[in-house]
Amino acid sequence: MKALVIGGGIGGLSAAVGLKNAGIHCEVFEAVKEIKPVGAAISIWPNGVKCMKHLGMGDIIESYGGPMHFLAYKDYLRGEDLTQFSLAPLVERTGGRPCPVPALNLQREMLDFWGRDAVQFGKRVTRCEEHADGVRVWFTDGSMAEGDFLIAADGSHSALRPYVLGYTPERRYAGYVNWNGLVEIDEAIAPGNQWTTFVGEGKRVSLMPVSDGRFYFFFDVPLPAGLAEDRSTLRADLSRYFSGWAPQVQKLIAALDPQTTNRIEIHDIEPFERLVRGKVALLGDAGHSTTPDIGQGGCAALEDAVVLGDLFRESRDIAGVLRQYEAQRCDRVRDLVLKARKRCDVTHGKDMALTQAWYQELETETGERIINGLCETIQGGPLG
C-alpha cells in the first residue's frame, strides 16, 4: 500500500512518519525547493509533545523546547505584573510541559528524521483524481504520481482543498498584523523561564523562551489588511504602534533585527464540514486554518497525524479508515479554530468593552482559570 503525501511541512512530515510507523509506504512531495517557515517559532503544548513522542520524535522537542515554567501578563504602560503564576499545575495535570520551539529547527529536524532524500522538492500540485485502484496527482512540471490514497497537507493555501470540499473557501482576515522573530534572552526585558505578555489598547507584545538562550517574540496590532509596510519601516512602525508602552517593550523593539523579523497578516478559514472525499484527506492547515491565538495550529496537525497513523495500524480499509479519521477530527479541529477566533477577538479589541473587562480579570487572576482553560484544550486531544 502506498500513500501520497502532499506537503513537506510539519503536517505532511508527521503524517508520513505516522503512516510509515503503521507499515505504509509514503511518497512525500513539497512545492518549494527549500522550506522556509512563516513564523519564527511554534508553540507545542503538551498535547503536541505527546504526539511527537508517540510518533517517535520526542527527542526533537526535548532538544529545542524552551524552559517555559511561568506565565505572566503585564500592564502595557508600567510593565508591572497583572498576574504571574507557575505552569507546574498544568504540567502535572496534562503529563507534559509546554515547549515553544524555533520553527526552523523543528522543520529541519523533522525533515532529517524522515529523510531529506525521501522528499521530492519543487513539486507543486495542480490537481488530483480518483480511479478504481487509487489516486493520481499532477504537478506543475508535468509529472504525475499514483498511489492508493492521498493526504493533502499542502497548507492554508491548499490546492487540493477544493477537490475535497467541492468549493473554494475564502480566507478570513482576523483583523490584526503579527510581527515575530527571535532575539537573545535579556532579563531586563523578561525572565528567561517565563511566557511574558504585555497587553493594552487591544494590542499585545509577547515573549517565550526557546532553545539556545533565545526569546521567540511577537507583536500584535489591530490594523487594516494591505498596508504598505515592510522590513525597511519595521522598527519605526513598531515604535509608532507601541509609543508610550513599557520600557521592556522599547528595549525589545531596539533589540530585534528587522531583517529576520516576519510581518504576517493573520487569517483563518471557517471550519469545514468534511475533511475527506473518497481516498483524499485534508490534514494540518489544509484542513483547519486557524489564527495562532491559542497556539494549537501545529499541535492540531500532529494530532491529525497520530489519529491517521493509529487508524491504519488497525485496518487497511482505506475508505473506512479515512471516514473514521474525519469523524474523529472534524469536531476537534472545529473547536480549536473557533476557540482561537474567540480568543483573538477578545485579545485584539474587536469589542473593547470585552477586552477591557479581560484586562480587569487579569488583575485578580490566580492562574487557576487560565490553567483550567489550557488544560481543557490540551486534554481534548487524541492522547488525552
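Just so it is clear, glycine is given a Cβ too, placed from its N, Cα and C backbone atoms.
Here Swiss-Prot flags Gly11, Glu30, Ala31, Ser43, Val125, Asp285, Gly295, Gln296, Gly297, Gly298, Cys299 as FAD binding site. Under 8 Å, Cβ to Cβ, and six or more positions away along its own chain, Val125 (FAD binding site) finds Ile6, Phe29, Ala31, Val137, Trp138, Phe139, Thr140, Asp154, Ala159, Leu160. Under DSSP, Val125 (FAD binding site) is assigned to a strand (E or B) in the three-state scheme.
Cβ neighbours within 10 Å of Arg204 (substrate binding site), excluding its own Cβ and spanning all shown chains: 20. The substrate binding site annotation in Swiss-Prot covers Asn178, Arg204, Tyr216, Phe217, Phe218 and is backed by similarity to another entry.
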Report the member of Gly11, Gly295, Gly297 (the binding-site residues) whose C-beta atom has the most other C-beta atoms within 10 angstroms.
Gly11
Candidate binding-site residues Gly11, Gly295, Gly297, Cys299, pick with smallest Cα gap to Arg204 (substrate binding site):
Gly295
In the three-state scheme derived from DSSP, which category covers Phe217 (substrate binding site)?
strand
A 10 Å Cβ contact count, applied to the binding-site residues Ala31, Cys299: which residue has the minimum?
Ala31
Counting across all protein chains present, how many other Cβ atoms fall within 10 Å of the Cβ of Phe218 (substrate binding site)?
22
Would you count the other CB atoms within 10 A of the CB of Phe217 (substrate binding site), including those on all shown protein chains?
24
Asn178 (substrate binding site) - helix vs strand vs coil (DSSP)
strand
